[in-house]
Structure formats: structure tokens, C-alpha cells
Amino acid sequence: MKKTLLAVALAPLCLPSQVFAADESSNDVMVVTANRFEQPIKNVIAPISVVTKEEIDAIQAKSIAEVLRRLPGVQVVSGGYGQATEVYVRGTTSRHLLVMINGVRIGSATLGSADFSQIPLTGIERIELIRGSRAALYGSDAIGGVLNIITAYQPGESVAEVTAGGGSDGFYQLGGSVAGGLGESGWGKIALKTEGADGFSARKEPFEQDDDGFKNSNVVAEVGTHVGDHWKLSLQGYYHDGESDYDDSYGAPHAQSESSLFNIAAKAGYSNDKLDSQFTVAQNQDENRNFNDVSSGSKIKTERTVANWQNHYQLTDGLELGGGLEWYRDSVSNTGTQYAEDERDNTAVYLTSIYRISDWQFEGSVRTDDNDSYGTNNTWQLATAYNITSELKVSANAGTGFKAPTFNDLYWPDSGNPNLKPEESKNYEISLSGTHQLLDWSITGYQSEIDQLIAWAPKDASNPSGDWIPMNVDEAEIQGIELTAGFATGMLYHDVSYDYLDAKDKGLDKQLIRRSKDSAKWNVSYLAEQWQLDVSAIYKGTSYDDAANTKKLDAYTLVDIAASYFVTDNLSVRGRIANLFDKDYVAKETYNVQERSYYATATYKF
């Protein structure tokens, strides 16, 4: 289901300057992630979820994890704000989810994934999540999906606002933003936020029983201008600086983590009636240091420089062509032990086409990546959709993907394996969906086969007590069914989903850890006069915390409730209760979870 009907269903009930003030139908919503160019969501074959700033404000999410866990096909395991977070999209790990900010990939080249605790909600205008492989367009990491966090300024009237709030466990937040036009053809935006909490003990006894808190500061900024009728220039920046406490697995006292993320991108775009072309140069830096009372630790840093030239051409009314060149260089450094190799380049070319004739749509994409460390990888994707009626559509999708070995896998001193190959996947899905005036629904079946999974194994198979190194030894098979529906009953809007997931380690014939076979979500929204209400219930079925499936994690249901009151056109106050029924559950063995908690915020718009 395309998560856009909510704004449409509630728009007639809204006050003019408050929330969900869109007047366009859900099919007119534009997205950019599915095929690397802007297109109406109705033309996207891939399963996509879109979450707007207004929806994030309504549910009063405090982290990106709280937004993602409401979406179909997603399971989230988190230790709370500022703690390690795992995101499983269709049963794949966080390492198999490509994360981008404004279309530029982020994440650590040493760990191989983005740190979701470093991605606060500051300045976010929209989130787009593609479920399923998109490697034929984006290359490595996009086996399970693509998450694009968009902070880019959305044209419209100028706006300025300040927000302050607090809550349980010493939580606080203070932020503000200004956005609007600059001169006759320019625009600018800046958003700042600081937040933190005293927290609670991340782990159970016998681990250290102290509060594990966090504090973050974040800045999002953008300036841009139109040059003539065809050119557009912009500079976008994002900065995060954070500290968090955690409980060390080895019992070291007062373990802490310091992290920073810096992303800047310069973009030049040209467009006319037929052609859209954009050139991007970006720099991304990711730093992390873990330390405690015993050790000062070492700082591990990833620097990624990116250059990308992408194009989209409307050849005829029914035929669109796209393609581009992408180059990026990953560099890593460690103030402690040095890597055997600390730099690698990746050069890629990609092509895509979309053809529509009558009630049919066909898509095809191919990409070639050439990398200094692991050679050449070719990926492809084919998709088709048929409109059975104006309200009913059937679609199918097939493709391949890969995940590059990390610097830790390849070059960590004394334990890296420079002979590693990328993990590879084959992905298939078929879907039936319907779009009606106040009802969207879909049923999707999918299968993914992932080979050459990297795992620790004995260097000498005949000597399991000897040295262990990363090796391509595992295989996984993932099958699932997604059911989604969005509909209105009177003044209530319902967004429901059910996921059946069978994610197996083929070698062990066991379920992959922390993936529930059954999960369900029900989100209800209500808006009338000056009140807005959001209730969510998330069910996560039984799962296992170990590869042998001996440590069972019981099923649980969490309910959150959020309410907003619009005092005036400028002032709003909001309150939220998380874990409404104070459910005591286990998301990860030996880790605590947050009890019932309360939050309140106030926002004033100028």
C-alpha cells in the first residue's frame, strides 16, 4: 500500500493552517526514490511507504525507529533512545537496507550499515521506504530495501517555528526551524535541535545497573536558487553530534559512545520539457568512539566522497529512459589499530527504462559496479504491472542484489579476509492491489535467496578451535506475505497490515534471529475541530534470540496513544503515552525495555 491516503481522508476535517492540509489525491503524490527520478506514486510498481512531516508530528515519534516500526514489512528491535537499533525489512538485516539522506548514501564502511541512533528527525520533510531489492539502481546494500530521508526544502510559504518538550526518564528536546524564499528565485532552510534523556539501565543484571542516557545536537541546512528557466543549484548539509551510555558486554564500567555524522551535497540540475539531469558532489563523514573507565577506546572514521550524474528523458508519452554514472571513494581510519587497506573506489553505470502501453507498464534496470576491493558486480531488475480495471492492479517484480564486504570484514588486522566475495541475492515478488475512493489495499508475496552470507568461521575447517575469520559460508531463504489496507470509517482513518515471514538460515534450517513469523499493525487517526488523536497497536510474534533457536522470545503487543490540541493557528500542544498498558516484554535477551512513558511538547509557528 502507498501510505498517502491518510492526508486525503482527513483533509476535509482540517483547519486551514494546521495538519494534513493537502488538497491533492493520493495518486498525485510525487516520489523520487523508486526509480531515481520524480514520478507520481500511482506509477510506482515497487512497494513503497511515504511518511510526511505532518504524520511524524501527529504520532509524536522521538526517533526514526518509532516511525519505521509502524510500516508494513518492517520489524524493529531497539534498546531505546540513543541505543543500538536493528531494522529488519522483509526479514533482511540492517546491513541490507540502503540508507540515504536526500539521495546520498550514508553509513559506516567499517560496520556496513547506518547507525539509526544517529538519524534524528530534525528537519525531515518526508521519508520514503522501498521494500524489496533496488540494487540495479543503487548498487550495494539495497538487498532488502532503500530508505531515503528527505530534508530538502518543499516550495511553499515561508515558515518559522520553535518546539520544546519533555518526558519520562529525564527526556527533553528544544528545537527550531526557519524556511522560505530568498530573493526572487532562491530559497533557504535551517533546522536545529538538541535533545537528551537520563535514560534507564540498558541491560539486566548482572550488567551495570545505572541509567544509560543520551544527548544529541543536530543541524539541517539548505540554500538554493533557480538560474533562468532551466537550471537549479542547491547546497544541502546535515550534522549530528551525539553521546550515549551503554552497558558493555564485558562488564567495563561506565561505557560510553561518541558519534558524529556530517553530510554535505552540492547539486546542479537542468530540466526542460523532456530532460531532467542532475549532477551531485557529496561528502559524508561518520565517526564513532567507544570508551569506558578502563579504556579510552579508539576513534573509527569513515569518509565517503560521492559524484553522481543522473538523467531522465521522456522519449515519448509512453517511454521513459534513465541512467547515470556514479563514483564514490570510501576511506577509513582508526586511531588505534590500523587497517591493512584503508581506501577503495567504486565506479558504476546504471540504465533504466519504463514503457507504458494501454493498461500495461514495463520496467527494466541494469547496473554494473566495479570496486577496487572485490571486483565487478552486475545486477538487474524487471517489473511489470497490469491495470485489470481502473481500481485493480496486478504486478510482478524480479531482480538481483549484492552487499559488499566491509573494511572490518576484509582488512581488520590479524582477522580480516581479503578474499571475501560480496553477498548476493535473488528476489521475486507478485502483488495484487486496489485503490478506491477511501480504501487502499494490497496483498504481496515475495521470496529472497541470499547466498555467500558473511559469517565468522574457522580459518581451517578441520580445526574449529583455531583462528576464526569472516568467510562466505551462510545462506538464507526468506519468504513472506504482506497484507495492507487503509480505509476510513466515519471520522476515523485506519491503517492496518499483517506480515507473515519465514526467514531461515538454510545451513541450520532454523529461523533467523529476532525475526517474528507473524506481525501485525493497526494505526488509527482521528481529527476534528481542534483535536487530533493517533493510536497505534503493534503485535510482534514469537522469535528467537540465537541461531540455534533455543532462546525463545515471547510474543507481545505494544500500544501507543498521542493527542494534539491546536490552541490557535500558531500554537499547538501535544501529549503522548508510549507503551500505554506498561507491557513487560523482551525484545532482545539480557536487555531492558522502556516502561510506560509520558511526553509533552509545545510548538509555536510564526
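Just so it is clear, glycine is given a Cβ too, placed from its N, Cα and C backbone atoms.
Since we're looking at a predicted model, the values are computed, not measured.
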Among ranges 28-35, 452-459, 524-531, 580-587, whichever one Swiss-Prot labels motif 'TonB box': 28-35
Given ranges 85-102, 103-120, 589-606, the stretch to which Swiss-Prot attaches the annotation motif 'TonB C-terminal box': 589-606
The domain 'TBDR beta-barrel' (157-606) [mean pLDDT, rounded to integer]: 94
Secondary structure composition of the motif 'TonB C-terminal box' (589-606) [DSSP: H/G/I, E/B, coil]: 0 helix, 10 strand, 8 coil
